[in-house]
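See below for the structure under consideration.
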Amino acid sequence: MGIELLCLFFLFLGRNDHVQGGCAMGGAETCEDCLLIGPQCAWCSQENFTHLSGVGERCDTPANLLAKGCQLTFIENPVSQVEILTNKPLSIGRQKNSSNIVQISPQSLALKLRPGLEQTLQVQVRQTEDYPVDLYYLMDLSASMDDDLNTIKELGSLLSKEMSKLTSNFRLGFGSFVEKPISPFMKTTPEEIANPCSSIPYFCLPTFGFKHILPLTNDAERFNEIVKNQKISANIDTPEGGFDAIMQAAVCKEKIGWRNDSLHLLVFVSDADSHFGMDSKLAGIVIPNDGLCHLDSKNEYSMSTILEYPTIGQLIDKLVQNNVLLIFAVTQEQVHLYENYAKLIPGATVGVLQKDSGNILQLIISAYEELRSEVELEVLGDTEGLNLSFTAICNSGVPFPHQKKCSHMKVGDTASFNVTVSLPNCERRSRHVILKPVGLGDALEILVSPECSCDCQKEVEVNSSKCSNGNGSFQCGVCACNPGHVGHHCECGEDTLSTESCKEAPELPSCSGRGDCYCGQCVCHLSPYGNIYGPYCQCDNFSCVRHKGLLCGDNGDCDCGECVCRSGWTGEYCNCTTSTDPCVSEDGILCSGRGDCVCGKCICTNPGASGPACERCPTCSDPCNSKRNCIECYLSADGQAQEECVDKCKLAGATINEEEDFSKDSSVSCSLQGENECLITFLLTTDNEGKTVIHSIEKDCPKPPNIPMIMLGVSLAILLIGVALLCIWKLLVSFHDRKEVAKFEAERSKAKWQTGTNPLYRGSTSTFKNVTYKHKEKQKVDLSTDG
């Protein structure tokens, strides 16, 4: 018992505890009402768990109830339950007795569902080996199928031989169809009724709807003999009455010979489309097809001219109900039509038939192998209001959500399906649901019942002393009052109870329509939006106006329909701040002096001003330059003339204040260029009325130049430059002289003079020879004379 309670405890904590307050706000007054609110809700049946006004608090999530002090044993929280009634193991390998074959597990179970809670079941399907096969060959015998009839005369033997490789228990039968024997589907002259082919001329059988010719048998030669004896017939329009034949072949179980424990294959062979639904109204037939067997003593369809063609939906119901798998063998021209039919019919396949049915054998074998390689679940029974979802786990082991079919399976492989079932609401009735593999006789039967009641409802104290001395019955921790008494403990009588004391005004509803009047006092309802309070439940904390989707702009508290703003906020929505900080421009002036600060935003009043702080104003004048006349007048005027400057300052919208008691942090510094290159500096501020005030006016003018000092300085500079140049010249000359002297001394030291000879001396006598004078002596005389 302790382990069970511990498991329940963790179950309670883990289930839907994210839903906070949804159960308690539902206003449930009984355990059953609480369960209907949602699957996350539970009821506390513990006595004296809540006070007078809190019966609804008994309904909450399990975790919340535990937190409130409810003991675990008193928490009513029924869960969905699954009871497996029959669960035989799946058959393995070949079975000698086909009646003992089990291909689905489990076979039956009972399911109790808590509304809103999902319950998952696992279903396993395994196709057994060597499963018996019943094949019924349904052939179109209209005139266009004459060559096909000749081709299949030996089909029985060939088909039995091939199928023996796949199963040791094979039977086959034969039936044929043409069309409803009534105008306008056939010609109605006596000659053409007797012989529809008389215009060719050729003899053929009269038009007929459906004939069951050979019941299912394992005698292949008998099948061949029957086929050889068949004759064709004819009709007018191209579509045939094949769907009439399919319906009769599916529902006439005894006459066809379908076995309960075999695979039912219905091979439909035709080269034309089929009539269905209301096509027979052309012939005046208006009675809907009843889906019953109507084969007469001659095994012919007796209601062909009375009942309409079956609809696709009717065919689906009967084929699934009788586990018949349909194989459409049709010509290439008709394939696209029958593929559309096959998409709607569970287990149906389509094969392309050659003109003369030459490939019919291979077509049947291929279709059989395809059907045996697929496992698909079909849902039957009362599923209205029931939510079902499937997840297929095929031989690869990979789950495929929202799929109830496995393909490419081998015989003997196990296909698993997780089936999730849920009920959206509580309906006081049980449902019978069947899950079956398409084409197989095995099925899982499920009895689904709603779980909407509490165990504590079984224990009732009638006329309990806990309910004001027997004025009611005590059940699940609360009182159910007898007639004439009301109140949570049945303490008030209806004859003495008046609701007038619960009305704020005579014309208003009791407790403002948001509470219940118990013994002359209002007990306000719980609301998921907030608290309802007041002596008449007239107040709440959630009905105030909203700003940008937030209650009281998220800057105040809602009290009885009105916003109570927090500090720093005002307005009906508490969306208006009292702070002016957002309105101060970069120069420190409120709205740049061009507007008013309202709710933390600047409303520009100067024409042309814009921007968050009215800082942009192409048409506005410079605030500093606009005060030039006022400032210059103030600086140039003497004591009496300053009064004349007041008017100029008024025109500029400013006043001059020589006092120093102002905040320099919020001031604007201005500089103006005046006459004689004087620089005027002053500060601008705004007073409480928004007017401009001028402070700290200063004028700084440059001094005139000192000409004598400038001339003296220039003269001294010229003199100094001259002296410097002379010094430089002297240095250069001295450097050159020293260089020459050094060179001379070096040359002198290298010379080697002869004794008594001055190397620097040059004689004063020079001798020249006259080349034209030939007398040598005279030359000598001349030379000596010269010397």
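Cβ from N, Cα, C; glycine included.
Among C552, C574, C576, the one Swiss-Prot lists as the disulfide partner of C565 is C574. In Swiss-Prot, the feature N-linked glycosylation site is assigned, of N418, N770, to N418; the remaining candidates carry no such note in the record. Checking the candidates C452, C456, C502, C511 against Swiss-Prot, the cysteine paired with C476 through a disulfide bond is C456. Swiss-Prot annotates S144, D147, D148, D271 as Ca(2+) 1-binding residues; of K68, K355, K404, the candidate listed for that same site is K355. The Ca(2+) 2 site recorded in Swiss-Prot comprises N235, D237, P239, E240 together with one of E179, E191, E300, E308, namely E179.
Feature region 'Interaction with HAX1', per Swiss-Prot, maps to range 730-757 of the set 86-113, 618-645, 730-757. Across the fold, the C-alpha of C59 (disulfide bond) and the C-alpha of D140 (Mg(2+) binding site) stand 68 Å from each other.
Distance between Cα atoms for N418 (N-linked glycosylation site) and C452 (disulfide bond): 25 Å, as a whole number.
The closest partner of C624 (disulfide bond) among the binding-site residues, by CA position, is E240; the full candidate set was D140, S142, S144, E240.
Spatially close to N260 (N-linked glycosylation site) yet at least six residues away along the chain are S99, G441, judged by Cβ distances under 8 angstroms.
Note: E240 (Mg(2+) binding site) has non-local neighbours D140, S142, F177, V178, E179, S270, A272, D273, S274, H275, i.e. same-chain residues 6+ apart with C-beta under 8 A of its own C-beta. When the CA atoms are compared, the recorded positions lying within 10 A of N541 (N-linked glycosylation site) are C558, C563, out of the candidates C34, N97, N387, C558, C563, C620. Within the model, the region 'Interaction with HAX1' (730-757) carries an average pLDDT of 79. C617 (disulfide bond) sits 28 Å from N575 (N-linked glycosylation site), taking the C-alpha atoms as the reference points. Per Cα geometry, C426 is the residue among the recorded positions N97, C426, N463, C511, C558 nearest to C23 (disulfide bond).
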